[in-house]
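K.L.:
So that we are looking at the same thing, I have put the structure below in structure tokens.
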Amino acid sequence: MTEQLASATRTAVGGRRYIIGIGLMLLVTLGYMDRINWSIAGSHIIEEFGLTTGQYGILTSVFSWAYLALMIPVGLMADRWGARLLLPISIIVWSIGAGMTGAATGLTALVIARLLLGAGEAPMYPVGNSVISEWAPRQERARFTGLLNAGALFGPAIGAVVAAYLIASLSWHASFFILGGVGIVFGLIWLLVYNTPEKTKWLKPAEREFILRERVDPQVAAQGYSSKPLTLPVLLRTRTMWSLLIAHGCAAYTNYLFLSFMPLYLEKERGLEGLGSGWVTGITYAVAAVGSIILAYIADRLVPADKLHSGGRRKLVTTAMVAALPLLVLPFVDNVVAIVILIAWVLIMITSAMTLNFALAGDLIQGNPSKGRVFALVQVGGNTFGLLAPIVTGFLVDGTGSYTIPFILAGLLLAVGATLTAKFSRGSLASKAQD
């Protein structure tokens, strides 16, 4: 009955808050279009600069060096300054990095451009998830996070096709110039449209009141510790925090493997060339994006509201990681249609696992002013593994001549992440930190 009443209330107040959810999805979509653009252009970059696959993997990971180094600082900035200025600045910085990639004439220039791209994209998830904590009622957190993370699939889906077309009709350099320009325009639009719920003029008063009332569990709000900021050392003394960030890394490893190497894998291992590789990559990511949004919506309805603050969502994270384990059979499948279906399935599951893990982190820190640094730590886990994925994969492919071992390694990491989540991702982070 309570659930029906809450659903009726959500319907009555309207859904303008989802403008922010869609805006976050577009934000991440643009970021990942720039990332997949690099992968689609990979064979051209390797040829033009005379790289081995291992060297290409290292150059790919340069993005993650800056991304990872700035993750904690931008999490702290998110807690202090918010998203209104931080996100537009980051979008414009990474868009300049994209343009510089197209203009690069040597390896040094490419490294600088990759560093700038990583630095610009560093605020995307910590600040984006802080926005969700501000705007999403607690029982809608997974679907808001699902929209955010769907951008990580829509970006490659759209970007793979657009980049393949631009490269085929113009050049790989032009694809970076054009996508960089689009990013700058979007950054300016975000600056004009976004604010907190309290200050947003286009939000109806009833919906504003609903958001402010429902974004924090009353049981959590009543606890004194929930208002006390938590330092990074305090957070890192909890098993829950370590479980969240390592599990995120285990899922992110597979995500970065596909993001960095899917076009090359399809070209070199499966015989798809140029536009064919771009279209297959795009279709795979598009199917995965729709599937992950649907699963996020379903997930919000599976966990009772009174179980969220204690980690009730962890079972869904575990289930999604286990469901991605068919990745292990990918090297042994020969049919192209079956390969596309299998990759799409794995992407749906790892994206859902990461979506739900972010939502779980939000559940466990809800009402606390330290949310930006918590999300940053989760992203540090994801991007530490993400930094390693292209390097390890590149050298394993150089050493073995195939992608079999890289895919098996990714599957084993998913099993580790599922185990950690099931065992340790529970209980309020704030309360544990006070123990």
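Any Cβ shown, glycine's included, is placed from N, Cα and C.
Checked TrEMBL, it gives:
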type: TRANSMEM; residues: 15-33; note: transmembrane segment
type: DOMAIN; residues: 20-429; note: domain 'Major facilitator superfamily (MFS) profile'
type: TRANSMEM; residues: 54-77; note: transmembrane segment
type: TRANSMEM; residues: 89-117; note: transmembrane segment
type: TRANSMEM; residues: 147-168; note: transmembrane segment
type: TRANSMEM; residues: 174-194; note: transmembrane segment
type: TRANSMEM; residues: 242-266; note: transmembrane segment
type: TRANSMEM; residues: 278-303; note: transmembrane segment
type: TRANSMEM; residues: 315-333; note: transmembrane segment
type: TRANSMEM; residues: 339-362; note: transmembrane segment
type: TRANSMEM; residues: 374-397; note: transmembrane segment
type: TRANSMEM; residues: 403-422; note: transmembrane segment
K.L.:
Hey, which bits of the same chain come close to the transmembrane segment (339-362), Cβ under 8 Å, at least six residues off its ends?
P.N.:
125, 129, 132-133, 141-142, 145-146, 148-150, 152-153, 244, 247-248, 251-252, 254-255, 258, 262, 270, 280, 283-285, 287-289, 291-292, 295-296, 299, 311, 313-314, 316-317, 320-321, 323-324, 326-327, 329-330, 333, 371, 374-375, 378, 382, 414, 417, 421, 425, 429
K.L.:
Might you confirm whether the transmembrane segment (374-397) is in contact with the transmembrane segment (54-77), defined here as three or more C-beta pairs under 8 A between residues 6 or more apart in sequence?
P.N.:
yes
K.L.:
Same chain, outside the transmembrane segment (89-117) by at least 6, Cβ under 8 Å from its Cβ: which residues?
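P.N.:
27, 30-31, 34, 37-38, 45, 49, 59-60, 62-63, 65-66, 74, 123-124, 127, 172-177, 179-184, 186-188, 190.
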K.L.:
Short question: which residues 6 or more past the ends of the transmembrane segment (403-422) have a Cβ under 8 Å from it?
P.N.:
243, 246-251, 253-254, 257, 261, 265, 269, 314-315, 317-318, 321-322, 324-325, 327-328, 330-331, 350, 353, 357, 385, 389, 392-393, 396-397
K.L.:
Among 15-33, 242-266, 374-397, point out the range having the most Cβ pairs under 8 angstroms from the transmembrane segment (315-333).
P.N.:
242-266
K.L.:
Taking the transmembrane segment (374-397) as the first stretch and the transmembrane segment (242-266) as the second, find out whether 3 or more Cβ pairs fall under 8 Å, excluding pairs closer than 6 in sequence.
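P.N.:
Yes, these stretches are in contact.
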